[in-house]
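Chemist: Right, I'll just put the structure down here and ask away after.
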């Protein structure tokens with residue numbers, strides 16, 4: 001699927017990374033990181049490109065750090081899509097979608113706090129706080145270069161290369177402005193004697209990149225649907241009776257006594273180690289989503305493993321940095337990625353009152369999506385595509401517009417929350433007309449209005465089909 005998106009959007013993505021106008025705005029860079037990662041469904045690809053561009057001095061460390069912040073948010077789209085396959089059962093869908101959403105919320109919270117901090121300190125002191133800290137970390141390092149190591153990729157590459165092979169070097173060169181017209185499809189391969197031959201994979205066709213990309217994307221989507229559906233069915237069969245109880249106890253283990261506080265941190269370490277091996281936080285999180293839907297894994301424990309997966313995925317940036325010739329600057333960027341996730345753990349997991357915020361918000365969104373299942377699609381497109389593109393457009397117009405937009409959003413959300421709390425706890429403090437939301441038109445105060453529109457159309461269509469089928473049956477009986 002990643003290769004399909006590379007073929008479909010290779011030129012556009014490269015131009016986005018290379019545009020001087022975009023690179024002047026930290027907000028625009030952040031939003032590009034979110035959208036590109038959501039489209040490619042691979043934070044590892046975006047992170048590796050950013051690291052290589054820093055090594056080639058096409059990006060500063062600070063600019064690439066904003067891209068990685070965005071990729072942290074965009075990578076959550078995969079687990080959110082996986083949750084959609086549990087929508088057939090409302091109870092399971094509520095749990096699965098809540099688990100997927102908590103991944104989004106946690107990463108958004110990190111961006112909301114650390115991104116303004118980095119931008120403000122950069123404006124005041126010429127360099128962001130985390131970039132300065134990591135600069136000191138690598139200042140006195142004397143290291144050579146090492147080769148990248150991707151355990152999981154080495155397992156699946158022999159199989160995927162039978163179907164298709166992409167030339168990642170071409171995509172990276174496009175980002176650097178070196179190559180503009182060369183195909184992303186890897187046409188020429190080399191043997192051990194450095195002799196060239198036509199690459200022997202199924203989709204090595206004389207088609208344009210976009211045509212091959214569309215076909216590859218279609219095949220990958222069909223395979224993804226089949227694999228996810230099969231995985232859920234297999235889990236349903238396997239997790240019956242004693243096996244489910246054993247797995248529940250293993251994944252939801254709890255230390256007792258004075259060491260009970262360390263349980264979560266051990267789970268974070270386990271999540272990081274597994275992700276470091278497979279080199280993909282999306283795979284780790286997506287695999288656990290069906291377990292949450294089946295009540296094998298609790299939402300709270302899933303979040304802890306997901307936090308560890310975010311830390312483990314920083315290994316991708318470190319391995320990519322170790323494979324570059326100019327080691328220090330790319331390694332500084334990799335440390336920025338690690339510091340971002342480490343500080344997020346300290347701010348949003350280590351403090352118990354703050355820990356409840358994403359859990360409560362995820363549970364609320366899970367209940368909402370279970371009741372209005374169309375809301376899940378609105379959430380995915382709104383969070384990963386529409387909202388970032390709106391903010392990107394504002395940032396492209398000028399730096400003041402995203403600030404005004406952020407102030408308006410914060411003011412609106414704060415006002416709604418304060419009024420809602422007063423309506424429940426101190427209604428007498430409010431005017432009579434403000435004690436309920438009934439003064440607002442239905443589209444602004446309830447999702448039932450939109451649900452009525454969607455369900456009415458579906459019911460009307462199903463009813464028409466049933467009437468037509470009944471009429472056909474009557475005609476057949478008369479004949």
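The chain as shown is numbered from 1 upward.
Each Cβ is built from the backbone N, Cα and C atoms, and glycine gets one as well.
Because TrEMBL annotations are produced automatically, they should be read as predictions rather than curated entries.
The transmembrane segment annotation in TrEMBL covers 27-52, 64-85, 105-130, 212-239, 259-278, 331-351, 372-393, 399-422.
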Chemist: Considering only Cβ pairs under 8 Å, which range in 105-130, 259-278, 372-393, 399-422 makes the most contacts with the transmembrane segment (331-351)?
Modeler: 105-130
Chemist: Are there residues at least six beyond either end of the transmembrane segment (372-393) with Cβ under 8 Å to its Cβ atoms? List them, or say none.
Modeler: 27-28, 31-32, 34-35, 38, 70, 73-74, 77, 80-81, 83-84, 87, 90, 93, 97, 101, 104, 365, 402, 405, 447, 450-451, 454
Chemist: Counting only residues 6+ away from its ends, which parts of the chain sit with a Cβ under 8 Å from the transmembrane segment (259-278)?
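Modeler: Counting only partners 6 or more residues beyond its ends, the transmembrane segment (259-278) has Cβ contacts under 8 Å with 151-152, 253, 284, 301, 304-313, 315, 345, 349.
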Chemist: Can you tell me which parts of the same chain pack against the transmembrane segment (64-85), counting only residues 6+ beyond its ends and a CB-CB cutoff under 8 A?
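Modeler: Beyond its ends, the transmembrane segment (64-85) has Cβ neighbours at 17, 26, 29-38, 41-43, 46-47, 50-51, 53-54, 93, 96-97, 99-101, 103-104, 107-108, 110-111, 114-115, 118, 128, 130-131, 225, 228-229, 232, 281-282, 285-286, 289-290, 293, 310, 313, 317, 333, 336-337, 340-341, 376-377, 379-380, 384, 388.
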